[in-house]
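Swiss-Prot annotations:
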- GLU407, GLU414: Mg(2+) 1 binding site (BINDING)
- GLU414: Mg(2+) 2 binding site (BINDING)
Amino acid sequence: MADNKTENTLSSDATEVRAQKLKLLREQIGDVYPAHFHRSLTNAELATRYEGLDPDVETQDIVTVAGRVYSSRNSGMFMDIHDASGKIQIFSHKDVTGEEARALLPMIDIGDIIGVTGIVRRTKRGELTINAQKIEMLTKSLLPMPEKWHGLSDIELRYRKRHLDILTNEDSKLRFQQRSKIVSGIRRFMENDGFMEVETPMLQSIYGGATAEPFKTHHNTLKLDMYLRIAPELFLKRTLVSGLTDKVFEINRNFRNEGVSTRHNPEFTMMECYWAYADYEDMMDLVERLFETLALSIHGTTEFDFGDKRLSFKGPFKRVPMPDAVKEVTGIDFLAIKTDEEARAAAKAAGFAVEKDWTWGECLAFIFEEKVEATLIQPSHVTHFPKDISPFAKEVPGEPRLVERFETYCNAWELGNAFSELNDPEEQRRRMVEQLEQAHARGEKEKQLDEEFLDAIDQGMPPAGGLGIGVDRLIMLLTNAPSIRDVILFPARRSKAD
């Protein structure tokens, strides 16, 4: 085994030093990357077990732990090692540590993963410590940790090398632990509410369920062009038709070949559900119960900070029809406007640039997005959307231009979208044909009518409420993350060459 003079014989380059140490270790101990190591407990379990141990007390208990070296002091006499659950201090001294283990100390660098067996004690200063009797090299790290282990300052590097970001940034580590807790919480909530989870195709021969640009691929064996799904909606509705369950949900990825921003990633996570014999008001109640449950699980309260804002997920949320919201902010009364031409004229008179072929509903939705969204800071349900932009929703009784649809907003972000689902097969076909014609007019020639879905609707779908929630944006709010890339473990990015 190497002695304390080893460092003097090694290169001055940090990476080369580690490579030379690895070579020496291979010569002296053989396997530097063993297949298995048995630890008796995690660092967090150790801390819990000895929480009541008084300062300056040494036990007779021998434990085995493992983790990555994050700091080393006094030539390795004191080391802090971290596992996923926390850290523990390691003490090595000739009075307690075997000669072979002490000889290994000069070969250990920050970032190496080691296993330690020793006696548990608490120092005079109150630090829980293991007096190392045996130290084993489990993984030799060939690269130094970044910036003296205080985290990555380069934002793009954090996304490109997420493993280093989490290794060196406790906030990032906590955020992804919370993400896991939130996704598990959504699944548990839905199951406890009687919903059955299913998995629908990610590769689809006909894309639908939303208006978005898809990713296209080709199946060689089937000789078939296919698309990564933009939404699972049509398959989930077919599941509802099947009678498998009256309450169905899915948590999975959607893909949209569109722009990247602080709120948009081409690959994102959605929770989508359908509830037979319910309507959009039932879905509002479900959203409020779910959001409140998640806030309590992460923060212990329904109120929490996002940036400089104090948000509350305590229901009931504000509910406002879209025409009323637009009238309140802009003064334009869309319910008093009767034609598409009048709607375009009113929008232009108010200073909005609208397209010459836009409908009444498209003008209303555009002005809402331009002027109203930014005012919706606390959780709010915006209801009564235009039918023009909502082909799968039931009409509002007495107002055929509007449908029973809502979107949930918070911090001016859309978090959820829900309908009283259209189940009239003739009306569904008429709207989908109209939507297809509009898509073809925009140049989307590959867009097709999903006859298999329409066939299922002909079979008879029960009245139902449907809901989609953007899981990534919800996690952003609950974890105080300014960008969607902060909550996606490996977000979309340009190649390193770019």
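Each Cβ is built from the backbone N, Cα and C atoms, and glycine gets one as well.
Under the three-state DSSP scheme, GLU407 (Mg(2+) 1 binding site) falls in the strand class. Of all Cβ atoms in the protein chains displayed, 16 besides its own lie within 10 Å of the Cβ of GLU414 (Mg(2+) 1 binding site).
DSSP assigns GLU414 (Mg(2+) 1 binding site) to a strand.
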